[in-house]
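Trainee: What TrEMBL records for 1-15 is compositional bias 'Basic and acidic residues'. Feature annotation from TrEMBL assigns region 'Disordered' to 1-25. Look at TrEMBL and you will find 37-58, 92-114, 148-168, 180-201, 237-257, 269-286, 306-327, 334-351, 415-440 tagged as transmembrane segment.
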Amino acid sequence: MAAHQEKKLAEERKHQNMQNDTKTSQGQWGRAWEVDWFSLASILFLLMFAPLIVYYFIMSCAQYQCSLTDPLLDLLTGNKHLSDIWNRTPMLTYRAAAIYSLWVTFQVFLYVSVPDFCHKFLPGYVGGVQEGAVTPAGVVNKYEINGLQAWIITHVLWFANAYCFHFFSPTIIFDNWIPLLWCANILGYAVSTFAMIKGYFFPTNAKDCKITGNFFYDYMMGIEFNPRIGKWFDFKLFFNGRPGIVAWTLINLSFAAKQQELYGEVTNSMILVNVLQGIYVLDFFWNEAWYLKTIDICHDHFGWYLGWGDCVWLPYLYTLQGLYLVYHPVQLRTDHAMGVLMLGLLGYYIFRMTNHQKDLFRRTNGNCKVWGKKPEYIECSYTSVDGTKYYSKLMTSGFWGWARHFNYTGDLMGSLAYCLACGFEHVLPYFYIIYMTILLTHRCIRDEHRCSSKYGKDWKCYTAVVPYRLLPGVF
């Protein structure tokens with residue numbers, strides 16, 4: 001009887017500990033349950049001003065030859081009124097609406113209706129049906145990885161039109177750039193609003209939802225972790241990877257075509273921007289299966305931050321270098337061009353090899369060689385919402401022994417190369433490196449806060465072994 005009672009008490013204690021672990025996991029793994037005043041202020045600022053920032057940059061190029069100060073000076077001195085600038089801004093057109101609707105519809109079709117075939121004949125490429133990471137609720141979602149295929153099909157059709165069919169001009173994107181901006185905003189706000197309504201009333205997985213009760217925070221950061229329609233249409237993967245990133249290289253090609261039309265040549269700076277950013281985009285799609293393990297998919301909920309950001313912020317502000325070079329063509333000296341190319345390629349090498357080391361380490365569970373020897377690591381564990389305990393390893397050798405986010409360091413080197421290709425006449429093309437530095441530094445801090453909550457004391461052991469975030473010996 002006493003043994004039975006002792007067993008029962010032990011089971012109750014185990015159950016209570018599991019509940020406590022679950023509460024900790026629910027409260028800290030993923031985005032917040034509660035909103036502090038600084039987070040709320042930041043979110044209100046972004047909701048109010050991020051769309052205006054995008055408009056200001058694009059308007060500055062269209063009306064002020066890419067000067068960021070002249071519009072302000074005109075307004076402050078009374079030479080222009082806001083109405084003057086707004087009245088010169090192209091409005092939404094039926095043509096732009098038709099182009100954008102056709103574009104998004106085509107990408108949805110490629111995403112949900114054309115199973116991947118690239119993995120069947122491209123050695124080393126991982127496509128087709130793949131599993132994502134474990135969600136806080138313990139769910140493992142499956143994804144149809146076919147982004148590379150969508151990119152290839154889209155660009156084959158683009159070049160076929162440019163050189164054979166001539167259904168539309170290659171400059172079509174540039175020629176409708178601001179009207180397309182209004183279309184992108186409509187989609188961004190529509191999908192963000194739908195995602196919030198869906199999260200409240202018919203979520204895909206209620207256990208992976210977080211509702212703070214603060215409308216602005218929930219709208220911005222999202223309620224659902226992995227909102228889906230049907231079995232395969234995943235909001236996060238589609239909007240993060242398509243249509244914005246597929247369009248990135250098409251946008252740059254359209255800018256190059258416009259430069260050819262206006263000046264009779266494509267400058268080496270425009271070629272550099274197209275090549276370096278094209279490598280980055282192709283890398284994204286080649287490693288789309290790896291992307292399922294990144295912070296966007298593994299931690300972020302789907303709200304305005306991702307929905308509007310992927311529709312508007314990404315295609316409009318990540319392509320500023322090409323847009324700038326249409327208005328200010330720059331022919332670089334050979335040594336300058338080679339320096340930019342080398343910096344971009346070195347940054348890409350560090351970015352790719354750092355991510356490759358982590359991916360190899362994960363796939364082999366540490367049974368591999370990094371830089372010719374067995375990798376070192378810290379053992380750690382975490383608990384999902386359903387109480388299941390999982391075990392993981394954090395690598396502390398290779399590039400990951402230099403800094404905890406050395407892949408971001410390579411990313412920033414590539415970002416700087418894009419900007420340096422534009423010369424030094426204006427600050428506008430350098431917005432990208434400034435923004436990426438802020439974004440990736442914030443991501444470091446945000447990711448490490450989550451990891452600290454997720455792994456607890458194991459994370460402290462890891463940071464003691466790898467003390468720097470981005471730059472060894474500095475930060």
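Here the Cβ of each residue, glycine as well, is placed from N, Cα and C on the backbone.
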Trainee: Applying the under-8 angstroms CB criterion, which one of 237-257, 269-286, 306-327 scores highest with the transmembrane segment (334-351)?
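Mentor: Of the candidates 237-257, 269-286, 306-327, 269-286 scores highest.
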Trainee: Can you see whether the transmembrane segment (148-168) and the transmembrane segment (269-286) are touching - at least 3 CB pairs under 8 angstroms, only pairs 6 or more apart in sequence?
Mentor: yes
Trainee: Applying the under-8 angstroms CB criterion, which one of 92-114, 237-257, 269-286, 306-327, 415-440 scores highest with the transmembrane segment (180-201)?
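Mentor: The stretch I would name here is 306-327.
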Trainee: Can you tell me which of 37-58, 237-257, 415-440 gets the most C-beta pairs within less than 8 Å of the transmembrane segment (92-114)?
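Mentor: Stretch with the highest Cβ contact count: 237-257.
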Trainee: Short question: which residues 6 or more past the ends of the transmembrane segment (237-257) have a Cβ under 8 Å from it?
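Mentor: Non-local partners: 103-104, 107-108, 110-111, 143, 147, 150-151, 154-155, 158, 162, 169-174, 191, 266, 270-271, 273-274, 277-278, 281, 284-285, 288, 291-292, 296-297, 302, 306-307, 310-311, 314-315, 318-319, 322-323, 325-326.
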